[in-house]
Structure formats: C-alpha cells, structure tokens
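The feature region 'Disordered' is assigned by TrEMBL to 218-238. Residues annotated as transmembrane segment in TrEMBL: 6-26, 33-57, 63-84, 96-115, 127-146, 153-176.
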Amino acid sequence: MALNVLAFTFGIMALFSAMLWIYYALQKDGSGFLLITINAVGCFIETIYIILFITYANKKARISTLKVLGLLNFLGFAAIILVCELLTKKSNREKVLGGICVGFSVCVFAAPLSIMRVVIRTKSVEFMPFSLSLFLTLSAITWLFYGLAIKDFYVALPNILGAFLGAVQMILYIIFKYYKAPKVDDTEKPKTVQDHSIDMVKLASTTPVSGDMTVHPQTHAGDLEGQMEKKVTNQIQT
C-alpha cells in the first residue's frame, strides 16, 4: 500500500513538473521547442497514469488523489502563473520560473530515494527495475548535456542530481540482485521439546512390578497380652 501511494505521489509531482517546464519554455524566445514537446508527452503519459490510478483505486484513495491533484496541479499551478504574470517583469520571469522548475525537478528526482531505502532494508530489487533506473539515468545525462549546450543553467542543474541518483540506483540493483542471505546450518538448530520428550506410556509399560512384597498381618493388643502370659507361665514352670 505504501509503495502504491509513493508511485501515485511521484506521478502527481512528475505531472506538475512537466506543466511548469512547458510554462518555462514558453517564456524563452524560440529556444524552448524541445522542452515543450518532451514535457507535453510527459503530461500526456502522467495524465493517463493518474486516470488509471483513480479508476481502480478504492474510495478513500480516490478522494485523496483528487484533493492533491486539485490543490497542486490546478490551484498551485494557477497561483504560480498569476504570481509570475502579475508580480514579475518579463526580464525576470524566466529566472523566477527557472528556479521554481529546478526545485520541483529535484523533488521528482529525489522521489526514488524511498525506493532505494526499501531495497536496502529488504535486500530485494523487486520494486526497482533496472531498466527504469537505466533510462532515467540516460535521460538525465542527455538533458544535462543539452542544458550545457544551450547554456541553460536551469535545465542542466537538476539533471546532475538525476544522473547521480540514477547511477546509485543501478549500483544498488547490481549489489542486491545477486545478494544471497546466509544459510542456517541444520546442525546448529536448537533442539526442540519433541527431541527430549519422554514416552510415558512406554515407560509405564516397561516398569517391573515386584511380586515379593508381602503384607504382614497387623498385631492386635489382645494377642500381645496372651503371648506375654504364656511366656511368664513357661518361666515359672522351669
């Protein structure tokens, strides 16, 4: 469940970041065509993902998804547009938007840190496919060189972090893909109660019963007096 929420949060943040980059590219004078096209495709894919999540999620998750989507991707994006259009000048607008885009791009790249923590804790790469880490790394490296080529600091900066985190993910995948937990030797297992249990029935059946035990008759007081009188009589006669 926690991983599903994490994936949903990543989708929301990725959609919001793509929307911001489109708005940032529109502020550039004819040099933002690639940014517009790639982020438009990203918006389309993330929208499909969010629609599928809302369709098949339970009622509680669906409501929370719609709340976050409305607050961040609609109200938040509208607030940023209003602030940039009304409170910033044309010359400074690109810098302000660039800083905002870098901040949210870093959040998107940092989202897989939770997955990396799960991999380290469980020592399993089930939730971190190698192909995803590979292509994220290649994408970050490509956009890094593109940002350096066009001398756009805001495009290049977040992709430095993306390339680094992608490389770390692939290293973790290689380490834990072939990780084998140490086996416990059977000879060292503690003995159980069953190993020391005593068969009481068998013990009872093999216990010998003594047949030499005799019960001596109880001596009464009247018999004892008779024996004493008989003994005294014999002594007088002798």
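Every residue gets a Cβ built from N, Cα and C, even glycine.
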Selected stretch (most C-beta pairs under 8 A with the transmembrane segment (96-115)) from 33-57, 127-146, 153-176: 153-176
The transmembrane segment (33-57) versus listed stretches 6-26, 63-84, 127-146, 153-176: most Cβ pairs under 8 Å: 6-26
Interface present between the transmembrane segment (63-84) and the transmembrane segment (127-146) (three or more C-beta pairs under 8 A): no
